[in-house]
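Read through the structure below, which is laid out as structure tokens, and then see the notes.
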Amino acid sequence: MSYLIKRLFTMFVTLWIIVTLTFVIMHMIPGDPFATDAKSLPEEIVQNMREKYNLDKPLPTQYFLYLKDLVQLDLGPSIQSKSRDVNSLIADGFGLSALLGIQSLLIAIVVGIGLGVIAALNHNRLLDYVSMFIAIIGISVPSFILAPLLIKYFAVEWGLLPVAAWGTWSHSILPTIALAVSPIAIITRFVRASMIEILNQNFIKTAEAKGLHTWEIVIKHGLRNALIPVISFIGPLFAAVITGTFVIEKIFAIPGIGKYFVDSIFNRDYPVILGTTIFYSAILIITLFFIDLLYRVIDPRIKIASGGDS
Amino acid sequence: MSQPQINIDHLFRPADKESLHSDKIARPYESYGKEVIRKVVKNKMAVFGFVLLVVIILLSIFGPHMVSHTPSKQNLTQGNLPLSSEHWFGTDDLGRDVWARTWAGARISLVIGFAAAIIDLIIGVFVGGVSGYMAGRGKTGDRIDNLLMRIVEVLFGIPYLLVVILLMVMMKPGITTMIIALSITGWVGMARIVRGQILQLKQQEFVLAAEKLGTSHAKIIIRHLLPNMMGIIIVNLTFTIPSAIFAESFLSFLGLGVQAPTASWGTMANDSLGVILSGQWWRLFFPGLMISLTMFAFNAFGDGLQDALDPKSK
Amino acid sequence: MSHLLEVDDLKVSFHVSSGEIQALRGVSFHVNSGETLAVVGESGCGKSVTAQAIMGMIPSPQGRVKEGRILFKGQDLTKFNKKQFRSVRGSEIGMVFQDPMTSLNPTMKVGSQIDEVLVKNQKLSKKEAKQKTIELLKLVGISDASSRYSQYPHEFSGGMRQRVVIAIALACNPELIIADEPTTALDVTIQAQILELLKKLQKERNTSIMLITHDLGVVAEVADRVAIMYAGVVVESGRVEEIFENPKHPYTWGLLNSVPKLESSEKERLIPIEGSPPDLFAPPKGCPFAERCPFTMEVCLEHMPGKEVFSENHQARCWLNDPRAPKNEELIAAGRE
Ligand SMILES: Nc1ncnc2c1ncn2[C@@H]1O[C@H](COP(=O)(O)OP(=O)(O)O)[C@@H](O)[C@H]1O
Ligand code: SF4
Ligand SMILES: [Mg+2]
């Protein structure tokens, strides 16, 4: 129990640090971050901004009002248009980004575990080398190089799939693949290393001595144990997929949060950059928290609450 | 078993054991460093990665001088030319030589990668070293360790690239800014690894002995602990350098990295995004290939090195 | 006379990058029905590799049986394929490993780990298996078996875990149990309990046991016969009385010297054998013990001693037993002290 509380506490501290950091950074920008941009903004928006950020009030007051907005889940306005604030932008883009992200994470997990297990079972043999070669290629080729190549061949030259933009589910295939490749490679390497270690453990020999088939050993005794260390890796992986959506949504012109985020970077739309950053951080940190809990459910050696009978 | 047919009767008398010892071919004792090198050299992927790395570094130094075009010289009449003996990698839309730009870009990428990784290393080793070394040394020691680890824990929870993006948005874009942004949270991984290592090493005889002899803390850390962690630190470097290089090209691709007209692999890829469809593949292909080869080289070499340092591997 | 298990001139090598490790260089011994054979030797002499070879579990691809036969109930196990091995493992030969702390799956309930072998080999339903597992847990001396059934290994002590591993090995009533240093990792009092348990189970079920150990004290407790291994060969074998009362090999003498005398109350100092076993990358052509033997003759350096047979069971490989060897009985007696 005390663990849960401690963990929740760290989570909020991290979030608070990020928020404070973004606030400080925002005020470190020389001049007025909301007006210094080369583009001359409509007076209306500048006014809106001043009000929103209480720029006329003293700094500590500004800080607390900013926190108060965040607690009420108001991520702030946009300087691009009066009607669109970060909340509405996230509401618009979330569905697409989540679909892309979840699809590619699932593919990455299934394919990555599969390749990793195959490699581990054939340690130092042909299939191991093949899997590792695929993995190392996947890690080496950045998605922003791979994506244009996928478009060029699958969409333009062979005409198998739509080129870009969004419409039917088939539009999501190429971006999903482009997004999944590097997580696949990372998971493959991780699962392979973890599985090789587990397969060398004594309890695997016990299982073998029971007369079990290799696949029974792998599934019943190997995987669960091998995946425990891999779970702790889902967090960074999730982060990689999120940052991956920035470039993938830009390249494929998919109107998800990632694309809005990149656009806001191009336009130096500071409030949107900050609001979105906080949103992403919050999602990641909450995910990390749940992964930590999952860890404890899967590994009976770690208990969330003491005295419980699992 | 059948007895030997030849007559051995005369051999039944005490043997001269001295000769036995001198006869025995002693297996030459291999120093740890030599053993690691032998193992790495046997690993074909690692050797290949290393050679590739050397070639890329050499080309980043000499590549731009091998042609008469400078990386950012524009020549609008020579735009989008395919590969030729004049332009080995073709030209871009502004008529700039892609070969020259690719290797000029390599310099930027490698400098940023190495610099960021080395700063990470210094901060990470310092924080991890102090934290691990102070742990278990009385109340103050534990407090220092706790404090540092809290900081590391929180920083670890913050998504790396997001922080970097934020910093890059706020600061003046450029190489120095990029290096600073990349190393502000990048050292956390190294700190965790070093701390873990120190905690293990501290328990070993030679460290305990040095402590009993009253050797100073700094000396113990520098003389006894660091040398024993070199392997792991180097392996970690072979992974942090490429991830910094990747981050650089990623940010430049998003328009947050080095600014035009400076070439970097990321900006070149970004510039050529649209044109690949219209057929000027070389503008994306070469910078893309070089990023990929560099990542591949570091990873292959790092994997091999890691295997070689693993005492379980033969 | 046919034995339950007969290992004949078994040679096993591991090919690693620095060369070929000749782990077994012609191992021969047998196990009769219902008896306990102790296989004794220093660490690294090839005991575990022998067990792995019998179970068909030599780590591949680096390890390989090069020569020899392993006859189990008349069938040559070295000719078995994977499928045939699976039908033997667990059901006809059970195995107990050295380290109870790591030989159970940490993320699986203890009961399920025993059920598994019953479901697999005896085709029991989950329910029948559970019932039998609880009986087995009781049999190996675990009280409160039905609640213990659904606990995880980390909730068990080392001795209790080893009882569980024994229950797994025993579950399908195999004819042979191979126990590879089953007590080495345990406290002395727990060791005695585990040995007691093995002895009791063997009496009740008439199972044959191949007990691997480096501890002659354990041998005296439970074994009927002993095979002493050194550097990948069996150097002496015989009935326990023969080995303890009339050992024929200098290595055995050395081992006996290093046994703490159980009777004497005060702890006697162990006299370890000086030196270390030969390099298995390039084993000597003569007697492998020559370098450490106090009686080495020139012949020992040149030629591998053959098997000298003293009784139906008792054999040794040492040139001292050759009629041509000098009759320095006094010397030998001195060495034995
Ligand atoms: N998987 C392996 N790879 C390489 N060498 C091995 C392997 N397993 C055992 N050996 C070698 O075989 C020899 C015998 O080992 P083992 O049978 O485990 O000894 P022990 O008698 O202590 O059980 C040792 O010298 C060891 O180095
Ligand atoms: S054969 Fe020779 S060296 Fe070997 S044990 Fe006998 S006397 Fe000693
Ligand atoms: Mg062993």
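The backbone N, Cα and C atoms fix where each Cβ goes, glycine too.
Same-chain residues lying 6+ beyond the ends of the transmembrane segment (A:7-29) with a Cβ under 8 Å from its Cβ atoms: 36, 59, 63, 66-67, 70, 270, 274, 277-278, 281-282, 285-286, 288-289, 292. Here TrEMBL flags A:7-29 (among others) as transmembrane segment.
Long-range Cβ contacts of the transmembrane segment (A:94-121) within its own chain (Cβ-Cβ under 8 Å, at least 6 residues beyond either end) map to 127-128, 131-132, 134-135, 166, 172, 175-177, 179-180, 183-192, 194-196, 199, 214, 218, 222-223, 226-227, 230, 237-238, 241-242, 244-245, 248-249, 254-258. What TrEMBL records for A:94-121 (among others) is transmembrane segment.
Feature annotation from TrEMBL assigns domain 'ABC transmembrane type-1' to A:94-295.
For the transmembrane segment (A:133-153), the list of distant contacts is 115, 119, 163-164, 174-175, 177-179, 181-182, 184-186, 188-189, 192, 244, 247-248, 251-252: same-chain residues at least six beyond its ends, Cβ to Cβ under 8 Å. Per TrEMBL, transmembrane segment is recorded for A:133-153 (among others).
Sequence-distant contacts of the transmembrane segment (A:173-191), counting only residues of its own chain at least 6 positions beyond either end whose CB sits under 8 Å from a CB of the stretch, comprise 100-101, 103-105, 107-109, 111-113, 115-117, 119-120, 131-132, 134-139, 141-143, 146-147, 150-151, 154-155, 161-162, 226-227, 229-230, 233, 237, 240-241, 244-245, 248-249, 251-252, 254. Residues or ranges marked as transmembrane segment by TrEMBL: A:173-191 (among others).
According to TrEMBL, the feature transmembrane segment maps to A:226-252 (among others). Residues 96-97, 100-101, 104-105, 108, 113, 117, 120, 143-144, 147-148, 151, 164-165, 171, 174-175, 178-179, 182-183, 186-187, 190-191, 194-195, 197-198, 258-259, 261-262, 280, 283-284, 287-288, 291, 294-295, 298-299 of the same chain sit 6 or more residues outside the transmembrane segment (A:226-252) yet have a Cβ under 8 Å from a Cβ within it.
Annotated transmembrane segment per TrEMBL: A:272-295 (among others), in sequence order.
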